[in-house]
């Protein structure tokens, strides 16, 4: 082999490594490791040095993050429950989602945003519950305050969301900040949008004090809303996500279609169109929709026509136990009977030439 060709072959593996995108949020696997924080820190593959340092230095925060993974993945699956890609996770895969998030798609944008939001939520909650040594209630919410109803005293335990955001930024963004490529910038943007979304739903709660509930005195605190509000908000952002391209100097984005508005810090951004997720595809990581339950009467994404990609569906007759004939008995109980309900369940057919093994 001549010298130029030999040089190309020597460089090819490195070139492929550089060109192949990587799902960089390996910390997602923290929810599956279990055990002590040291076991967690040492057994999650792909953490960069600053993440491992934070992991060893703050084991109580890592426990909160690990528990939070279960919460935000469940929220992701709730939001995508009626779609072809249903945010399904893979056992024994440190990226949790497999190759599907290698594509810089809307789905990737949502997952990075909801995971970042989940870290903020989990850490902030752990702080308020006294489970983290390095933080507690928000120290800035002391003394008196004023709102449209008048003067009040700060009391109770205001959620220290600024600590949650600061720690989430340092931990979650660490690997992305080491990269200068387009995908790293996309992830950083969506991570930040996710963090901001939790703070958006911080609400003031108050308790009245005074004679006969006169509310002459009020004690107030700031509390995070249920995580479902954040999930619903990011779902709306997913549906309105903006496709972008890198600008010429490689430092930011510009819209792919000039007819659309420039993305704000609250918007989700993506580079690539999504696959249709209809069939199992090892290249894209799609598990397909064969075996998925569909809704025969729906006209939405969960309809048998859309979910099954026009392949048709199978119908099975099943029975299930339900509560029926419920009556209120004084005082104070509701008593029900157990009844069998017969219903039809419709599941998507597999492609005739597909290598299908298990439903998603």
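Heads up, the Cβ atoms here are built off N, Cα and C, so glycines get one too.
Quick look at what Swiss-Prot annotates:
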{"type": "DISULFID", "residues": "76-87", "note": "disulfide bond"}
{"type": "DISULFID", "residues": "127-135", "note": "disulfide bond"}
{"type": "DISULFID", "residues": "137-157", "note": "disulfide bond"}
{"type": "DISULFID", "residues": "206-220", "note": "disulfide bond"}
{"type": "DISULFID", "residues": "208-215", "note": "disulfide bond"}
{"type": "DISULFID", "residues": "278-309", "note": "disulfide bond"}
{"type": "DISULFID", "residues": "294-304", "note": "disulfide bond"}
{"type": "DISULFID", "residues": "308-348", "note": "disulfide bond"}
{"type": "DISULFID", "residues": "324-339", "note": "disulfide bond"}
{"type": "DISULFID", "residues": "326-336", "note": "disulfide bond"}
{"type": "DISULFID", "residues": "331-332", "note": "disulfide bond"}
{"type": "CARBOHYD", "residues": "295", "note": "N-linked glycosylation site"}
{"type": "LIPID", "residues": "212", "note": "O-palmitoleoyl serine"}
{"type": "SIGNAL", "residues": "1-25", "note": "signal peptide"}
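Positions of the features from Swiss-Prot, shown on the structure.
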| residue | record | contacts (Cβ under 8 Å, 6+ apart) |
| --- | --- | --- |
| 135 | disulfide bond | 123, 127, 160, 163 |
| 137 | disulfide bond | 127, 128, 156, 157, 158, 159, 160 |
| 208 | disulfide bond | 214, 215, 217, 218 |
| 295 | N-linked glycosylation site | 82, 302, 303, 304, 307, 346 |
| 309 | disulfide bond | 84, 276, 278, 279, 289, 348 |
| 331 | disulfide bond | none |
| 336 | disulfide bond | 323, 324, 325, 326, 327 |
- Any idea what the Cα distance is from residue 206 (disulfide bond) over to residue 212 (O-palmitoleoyl serine), rounded to a whole Å? 16
- Query: Using Cα coordinates, what distance in whole Å links residue 308 (disulfide bond) and residue 294 (disulfide bond)?
  - Reply: 8
- residue 215 (disulfide bond) CB neighbourhood, other CB atoms within 10 A: 15
- Query: Of these disulfide-bonded residues, 308, 326, which scores lowest on Cβ atoms within 10 Å?
  - Reply: 326
- Query: If you count the other Cβ atoms within 10 Å of each Cβ, which of the disulfide-bonded residues 127, 206, 304 comes out on top?
  - Reply: 127
- Query: Cα-Cα separation of residue 294 (disulfide bond) and residue 220 (disulfide bond), in Å?
  - Reply: 47
- Message: Please identify, from the disulfide-bonded residues 157, 324, the residue with the sparsest Cβ neighbourhood, meaning fewest other Cβ atoms within 10 angstroms.
- Response: 324
- Within 10 A of the CB of residue 339 (disulfide bond), the number of other CB atoms across every chain shown is 11
- Proximal but sequence-remote residues of the same chain as residue 76 (disulfide bond) (Cβ under 8 Å, at least 6 apart): 87, 110, 111, 114, 231
- Among the recorded positions listed here (212, 220, 332), which has the Cα closest to the Cα of residue 339 (disulfide bond)? 332
- In whole Å, how far is residue 332 (disulfide bond) from residue 220 (disulfide bond) when you measure between their Cα atoms? 34
- Task: Look up residue 326 (disulfide bond) in the DSSP assignment and report helix, strand or coil.
- Result: strand
- Cβ-Cβ neighbours of residue 294 (disulfide bond) (radius 10 Å): 20
- Query: How many whole Å apart are the CA atoms of residue 332 (disulfide bond) and the residue listed as 'O-palmitoleoyl serine'?
  - Reply: 28
- Taking every protein chain shown into account, which of the disulfide-bonded residues 220, 278, 348 has the largest tally of Cβ atoms within 10 Å of its Cβ? 348
